[in-house]
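Following: one structure in C-alpha cells, then a few remarks.
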Ligand code: AP5
Ligand code: ZN
C-alpha cells in the first residue's frame, strides 16, 4: 500500500506513522526526520535545510523532491510506503503522482489527521524526540518520558522549531501551502479524513479502520 499522511504540525503524523507503518509492514518515510538527520550529521543538505526549518518555512521543492525520489526507490519501499510530511504543497503532490506513474504506480490512500490549533500548541510544547531511534514522546501524556527514551535509552531532545513563534508560523505555512492538497486528494477520491483527537491508540484504530474500509 502507498499512503500519505497529511495534517497540521503537531497533529500526530509522526506518532501515527510509526504505528501504522509497522502494522502494515511498510517503511515510514518522514521528510522531516530525513532533514533532521542531515542537520545533525552536518551534511550539505542539512546545512541548507536548517535555514528553512529553523524559521518554519518549507525547504525548496527541488531539494525535497529529489530526496523523496531517491528514498521511495530504495529496496524496502518497492512494495509500499507511508509518507509523513510529504507532499507539502500542490506542486509536490503533482510531482509525486508523476513520479509514481513513471513506474506504473499510484497512491492508494491519503489519511488526513484533523485537530484544532489549541491542541496542536499543547502537543508541540510538550513534545520530546529520541536522538537515537527518533521515537516521539510527550512529557505530559507519556508520564516520566522527558529525558531518556524508554525504547532504546537514547537522549530525548526538544526540536528547535517547537518554539511558540515558529509553531505559529508553521501553522500559517500549513494553511497557505499544505491545506490545498486536501482538496487535491479529495478530488482524486482517495482522501480519508480522521478525527485525530483522543488517545494515540484511538487515533491509530480509527486510521487502520478507515484504511480497511
Ligand atoms: P516535519 O517534521 O514534517 O514537521 P510538521 O509537519 O510540522 O509536523 P510535526 O513533526 O511537528 O508534527 P506531527 O504531526 O508529526 O506530530 P507528532 O506525531 O510529533 O517538518 C519539519 C520541517 O521540515 C518543516 O517545517 C520544513 O521546514 C521541513 N520539511 C519537511 N517536509 C517537507 C516538505 N515535504 N517540503 C518542504 N519542507 C519540508 O506529535 C506531536 C506531539 O503530540 C508529540 O509529543 C506526541 O507525543 C503528541 N501526540 C501525538 N498524538 C497524540 C494524541 N493522540 N494525544 C496526545 N498527544 C499526542
Ligand atoms: Zn529511542
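Cβ atoms here come from the backbone N, Cα and C positions, even for glycine.
All protein chains considered, the CB of residue 198 (ATP binding site) has 11 other CB atoms within 10 Å. Marked as ATP binding site by TrEMBL: 10, 11, 12, 13, 14, 15, 127, 198.
Across the region 'NMP' (30-59), the model assigns an average pLDDT of 96. Per TrEMBL, the feature region 'NMP' maps to 30-59.
Its own atom aside, the Cβ of residue 159 (AMP binding site) has 16 Cβ atoms within 10 angstroms in the protein chains shown. The annotation AMP binding site is assigned in TrEMBL to 31, 36, 57, 58, 59, 85, 86, 87, 88, 92, 159, 170.
Taken from TrEMBL, the feature domain 'Adenylate kinase active site lid' covers 127-161.
For the recorded site, residue 127 (ATP binding site), the DSSP three-state label reads strand. Within 10 Å of the Cβ of residue 86 (AMP binding site) there are 24 other Cβ atoms, across all protein chains. Secondary structure from DSSP puts residue 13 (ATP binding site) in a helix. Contact annotation for binding-site residues (14, 15, 159) versus ligand 1: 14, 15, each with CB under 6 Å from a ligand atom. Rounded to a whole number, the distance between the Cα atoms of residue 31 (AMP binding site) and residue 11 (ATP binding site) is 16 Å.
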